[in-house]
């Protein structure tokens, strides 16, 4: 009678396994559309698909299945193949983005959109209309504002739509164009900040170089290189993004995302290393260059301060003001882009789709991603505000330009447009310093 317990144990184990298989198959029949996320999907693909108010219980990600409705495993498959097709354990609670967050996100995005267009357009008009503002640093700031304006006009409306809507109605051309413009505008911002930091060090290191009116040839070359390099680095985005048809709750949706399977080895490598590449080049690089050249600039100031002539002290104050402005722009950039890069790095380091507690982390990362997108968009509209607060010259010119836009068209005269900035700056102590330094250099 000794084999009886062993036989009963085997029967009990068989019943448990049968119940488990039946439960898994029942779950698959009940929630076929949003059952599992393909393991190749990156974190920004979590962003691109529709984000409903709540996802069905048992879903392990915020994206629908990128395939046809699931089929039952065939009897001829091996045990290893069946284990690979089984989905991860279901979530204990739903993954959701509440309607309140959607409304707040929409309001914030609209506010950033309006402020960004007004601020960057005003900044470009100030530099274009007034010859006294056309110098090397200001032309780089104008390039920065133009890149921000492209980001605001193209990306912010699309990001708001992706959060509120389900389908992608814009076609494959816009699917490739939007991420291309986004990466190009970010590249323009990053490289412009790097060029500004290097330019400030060169201005302090060469005390004999007096700032004048006009665009230096080297600055023009820098701007051309910045735009060309930014466009070239954004080409993989246009190549990798594509339209995918996804099965979601019984209906097929068109989704724009970085395709899970790329055609070339380079694009597959780019897809796997994309988030680390964005973090290192588009975030760490400008911070490292700014820290390096501002350290050299500080050492140069301390070394030459005692030996400078008194007449150059006022000119030094002007360069310090410009350096402070550039430093504020870099600091604002770091604070605005940190949440977005942090969410993507956390996704790569902490998220495990086989973890039973992954759903809470995924909900947190999804919300953090949208907060990061809003903060990154905020960087595009906050640069003119930072210039208004830090620089007296930009503040006076902003006041003049906004007042001119509030007046009627008949009251505008070309002579006032050309001389108003100079009138404001004539009352500014910084302009007197600049004029005295020019007199000293001419003598």
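Our numbering is plain: 1 for the first residue shown, then up by one each step along the chain.
For all residues, glycine too, the Cβ spot is worked out from N, Cα and C.
Note that the structure is a prediction, hence the values are computed from the model and not measured.
What Swiss-Prot lists as compositional bias 'Polar residues' is 51-62.
Following the DSSP three-state reduction, the secondary structure of residue 175 (disulfide bond) is helix. Residues near residue 175 (disulfide bond) in space but far in sequence (CB under 8 A, at least 6 apart, same chain), listed by position: 168, 241, 242, 243, 256. For 175-256, the entry in Swiss-Prot reads disulfide bond, with the evidence type sequence analysis.
Residues annotated as N-linked glycosylation site in Swiss-Prot: 60.
A C-beta separation below 8 Å, combined with a sequence spacing of at least six in one chain, links residue 403 (S-palmitoyl cysteine) to none of the other residues. Look at residue 403 (S-palmitoyl cysteine): DSSP puts it in a helix. Look at Swiss-Prot and you will find 403 (among others) tagged as S-palmitoyl cysteine.
Feature annotation from Swiss-Prot assigns S-palmitoyl cysteine to 404 (among others).
The S-palmitoyl cysteine feature in Swiss-Prot is assigned to 406 (among others); the stated evidence is sequence analysis.
Here Swiss-Prot flags 306 (among others) as phosphoserine, drawing on similarity to another entry.
Annotation comment: Swiss-Prot describes 420 (among others) as phosphoserine, evidence class similarity to another entry.
The annotation phosphotyrosine is assigned in Swiss-Prot to 440.
Taken from Swiss-Prot, the feature phosphoserine applies to 441 (among others), supported by similarity to another entry.
What Swiss-Prot records for 442 (among others) is phosphoserine, and it gives similarity to another entry as the kind of evidence.
The phosphoserine annotation in Swiss-Prot covers 443 (among others).
Feature annotation from Swiss-Prot assigns signal peptide to 1-26.
Among the features that Swiss-Prot reports, topological domain 'Extracellular' is placed at 27-102 (among others), with the record citing sequence analysis.
If you average pLDDT over the topological domain 'Cytoplasmic' (128-138) in this model, you get 81. Under the heading topological domain 'Cytoplasmic', Swiss-Prot lists 128-138 (among others), citing sequence analysis as support.
Swiss-Prot lists 165-176 (among others) with the feature topological domain 'Extracellular', giving sequence analysis as the kind of evidence.
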Beyond a gap of at least 6 residues from its ends, the CB atoms lying under 8 Å from the transmembrane segment (273-297) belong to 42-43, 186-187, 190, 193-194, 197-198, 200-201, 204-205, 233, 258, 323, 326-327, 330, 333-334, 337-338, 341, 344-345, 347-348
Would you mind listing the long-range same-chain contacts of the transmembrane segment (364-390), meaning Cβ under 8 Å and 6+ residues beyond its ends? 43-44, 46-47, 51, 62, 95, 97, 101, 105, 108-109, 112-113, 115-116, 119-120, 122-123, 141, 144-145, 148-149, 151-152, 155-156, 159, 163, 185, 189, 321, 324-325, 328-329, 332-333, 335-344, 346-347, 351, 398
Per DSSP, the topological domain 'Extracellular' (245-272) contains 8 helix, 12 strand, 8 coil
Counting every protein chain shown, other Cβ atoms within 10 Å of the Cβ of residue 256 (disulfide bond) number 24
